[in-house]
């Protein structure tokens, strides 16, 4: 080994002869004595090149520059009094160099590695191997390692078996577009990269494996967001002979144990509340609510219907909804600031937004007067109506009430977006807190207005509630599902369900989704046939590793916790992928590139 110790040296190492190897983090020349900070994965330690100790070492020290790769031999000693550095783990010790060797030189990096300064992301992705040397990225990848290690051990301890499933599979689109791989041996035919191992893990339950998991790579050719990548990693799990409560208890134990192990400094709830899908939409405007703050949506349709405000009366008369949220401390917003919120609501899909300011000064609701109220709608509402709206939305003097009226689905969606926007703007969320919950009682189907057909809310393998089976023929919209999501801080971090395990029921669901028998047999015949050989009741779940590590690391993009991610245009800037390939490779695959003109 070229090193005997890491650079994370402490007082316990004083007097020890060590051989270190790492990168020059900083270099300082103090009039004949050279100091460097030597960095490796574990830490940073000060190394002293003193001519009284070794003139040859000093000559090497003079050659050093940032990011040179260096081996040093020396003895760990106390730093002289007054030179200690409390900001470093090794700040009480130093190594006086007795021997040194430059293992490699380095060009000047395109950005500072020894400073946590903001760097253009494109540059970071192009030089990702340098970016990972920086403290933030290094720590994120260590958190990722600890997370995956805990997950594996947790499931191993509970009798799960890790089984790898194929990456080259049949294309059976599950919502997003597949990544296709042309077959050289079978011209005109294609493999697909898996969007998830969904059918494979269900087949493993038919095979009698009972408890399966894998750290699975998944691929989806979809539009990207901060928490999306074309390839991502999930902890894929499936169990036989379980119900929803069994799976949710497993998830609660997994996530609470994981946080306690990997980030014990973070606050988190050990018991996860269960919120119905309907309640989540009505109270928070989305099915993955951030519960670190309140600002729940308040239904004021009845107040609007009986008020003198024509806009509200018309919406209520047409069966629409009128809802409000309260922005604390925003009562002093001027016209320009309120206009900004109105435009934001329109961007999210509302026809407009009605702000009601309760004055700039804080106080109690009982002391509110009409003189304190500032709103274009104030002349249409009585003081009692405004107080009731304020009471329902949790507003007090000094706050700002925001009201949206229209179709219920739109109202919920717009105010849900406004709620999250205001929470970020007003800094209402504790960044060191993880607020978990289960969202349950999802519908099985949703109507696609554009396609004029039913879609699965989750996926077509989710089991319906047994009590709702008669509704499949008469009212699919009312059929409930046996699905459960784990949400945290406004993100879905795991989605799961009890699965269909009867061939006839699975075929019926496919029919409702618009497949005919020929399409069903061609795409899913292997699964339906397997169900005829004694498929056990089973269920599963798949926590997204990238997304949860993002939350553990306190980041806002999964690109910050993936070693070599694609950018937001799905490009790999380091390797230059996707790229043009050799004509012979194209010909060997029996495919032709069609130009735009064609």
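Including glycine, each Cβ sits where the backbone N, Cα and C put it.
Note that the structure is predicted; figures quoted are calculated from it, not measured.
DSSP assigns residue 30 (site 'Important for tRNA non-discrimination') to a strand in the three-state reduction. Other Cβ atoms within 10 Å of the Cβ of residue 30 (site 'Important for tRNA non-discrimination') number 8 in total over all chains. As annotated by Swiss-Prot, site 'Important for tRNA non-discrimination' applies to 30 (among others).
Per Swiss-Prot, the feature site 'Important for tRNA non-discrimination' maps to 82 (among others). In sequence order, the list of same-chain residues 6 or more apart from residue 82 (site 'Important for tRNA non-discrimination') whose Cβ falls under 8 Å from its Cβ is empty.
Within 10 Å of the Cβ of residue 458 (L-aspartate binding site) there are 19 other Cβ atoms, across all protein chains. Taken from Swiss-Prot, the feature L-aspartate binding site applies to 174, 220, 458, 499.
Counting same-chain residues at least six beyond the ends of the region 'Aspartate' (198-201), those with a Cβ under 8 angstroms from any Cβ of the stretch are 165-166, 169, 172, 174, 212, 236-238, 459, 461, 524, 526-527, 540. Annotated region 'Aspartate' per Swiss-Prot: 198-201, in sequence order.
According to its DSSP assignment, residue 220 (L-aspartate binding site) is coil. For residue 220 (L-aspartate binding site), other Cβ atoms within 10 Å of its Cβ number 21. The ATP binding site feature in Swiss-Prot is assigned to 220, 221, 222, 229, 492, 544, 545, 546, 547; the stated evidence is sequence analysis.
Confidence annotation: the region 'Aspartate' (198-201) carries a mean pLDDT of 97 in the model. Within 10 Å of its Cβ, the residue among the binding-site residues 222, 492 with the fewest other Cβ atoms is 222.
Among the residues the record lists as binding ATP, namely 220, 221, 222, 229, 492, 544, 545, 546, 547, the two farthest apart have Cα atoms separated by 19 Å. The Cβ of residue 545 (ATP binding site) has 144, 147, 148, 151, 215, 232, 233, 234, 235 as same-chain neighbours under 8 Å, each 6 or more residues away in sequence. For residue 499 (L-aspartate binding site), the number of other Cβ atoms no farther than 10 Å from its own Cβ, over all displayed protein chains, is 22. Counting residues per DSSP class in helix, strand and coil order gives 4 helix, 0 strand, 0 coil for the region 'Aspartate' (198-201).
DSSP assigns residue 82 (site 'Important for tRNA non-discrimination') to coil, not to a helix or a strand. Put simply, residue 30 (site 'Important for tRNA non-discrimination') is 46 Å from residue 547 (ATP binding site) when counted between their Cα atoms.
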